[in-house]
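Asker: I'd like to ask some things about the structure below.
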Amino acid sequence: MAMLRTDLEFSMLPKLDSRPVRWRIADGLVAYEEAVVAMEREVAAIAEGGDELVWLVEHPPLYTAGTSANAGDLVQPDRFPVFATGRGGEYTYHGPGQRVAYVMLDLKRRRQDVRAFVAALEEVVIRTLDMMNVRGERREDRVGVWVRRPEKPMLADGTMAEDKIAALGIRLRKWVTFHGLSLNVDPNLDHFSGIVPCGISAYGVTSLVDLGLPVMMADVDIRLRAAFETVFGETVNEP
């Protein structure tokens, strides 16, 4: 029987001879097509021994479809540009106010365990939120990070309402990861209504600002980096 993600060892620290992960923060909004081209280039270089990279971006409003996307979950196909992508998962939204972290790591230098890598990405988000006194949680049947909403009406099955605050979708090539995670800081939450996010209709979406935290993206980035380093190891600012 497969172990639950909550029971996996979250540490994905590199082997002793590995160099620090480059840390890059994009200025302004990055076109999705540009990001994909850049990721493809970086992944090829990392597979050949280049330094690993985490790239933080914000995108203009758009929807992406993962490899498991159901066409019926694209509720408003003409609202924003839609991009098919090779990452895992279903439909998701990207836009201003959402921190997207493209995580390009060589798992051969760490642990060649995809489930543990997904759990580790969730753990980075959970630890980031914890630094802001927000309790993020993982669910075995739903990849991503969730926040309980006791102030909202109970669900039809009598359980507490939950909202998704972070989504994950990854792809691997030669054991090098790309795509990554998105954390809702202060996006326009109405923009998610054009899709069924991640194919799950029973739960809503939230953001840090929606939860009552008037945080800036730079504040979140500092905590995200600190959390990343506890799970994946040292980073260095890209020159």
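Using the three backbone atoms N, Cα and C, a Cβ is placed for every residue, glycine included.
Take a look at what Swiss-Prot says about it:
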| type | residues | note |
| --- | --- | --- |
| ACT_SITE | Cys198 | active site, acyl-thioester intermediate |
| BINDING | Arg87, Gly88, Gly89, Glu90, Tyr91, Thr92, Tyr93, His94, Ala167, Leu168, Gly169, Gly180, Leu181, Ser182 | substrate binding site |
| DOMAIN | 48-236 | domain 'BPL/LPL catalytic' |
| SITE | Lys164 | site 'Lowers pKa of active site Cys' |
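Map these features onto the structure and tell me what's around them.
Answerer: The secondary structure of Leu181 (substrate binding site), as reduced to three states from DSSP, is extended strand.
A simple way to gauge crowding: the CB of Lys164 (site 'Lowers pKa of active site Cys') has 23 other CB atoms within 10 angstroms, across all the protein chains here. A strand conformation is recorded for Lys164 (site 'Lowers pKa of active site Cys') in the three-state DSSP classification.
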Asker: The record lists Arg87, Gly88, Gly89, Glu90, Tyr91, Thr92, Tyr93, His94, Ala167, Leu168, Gly169, Gly180, Leu181, Ser182 as binding substrate. What's the largest Cα to Cα distance among them, in Å, rounded to a whole number?
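Answerer: Greatest Cα-Cα span of the listed binding residues: 15 Å.
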Asker: By a simple count, how many Cβ atoms lie within 10 Å of the Cβ of Gly169 (substrate binding site), its own Cβ left out?
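Answerer: Step by step: centre on the Cβ of Gly169 (substrate binding site), count other Cβ atoms within 10 Å, giving 24.
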Asker: By a simple count of other Cβ atoms within 10 Å, which of Ala167, Leu181, the binding-site residues in the record, is least packed?
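Answerer: Per-residue Cβ counts within 10 Å for the binding-site residues Ala167, Leu181 bottom out at Leu181.
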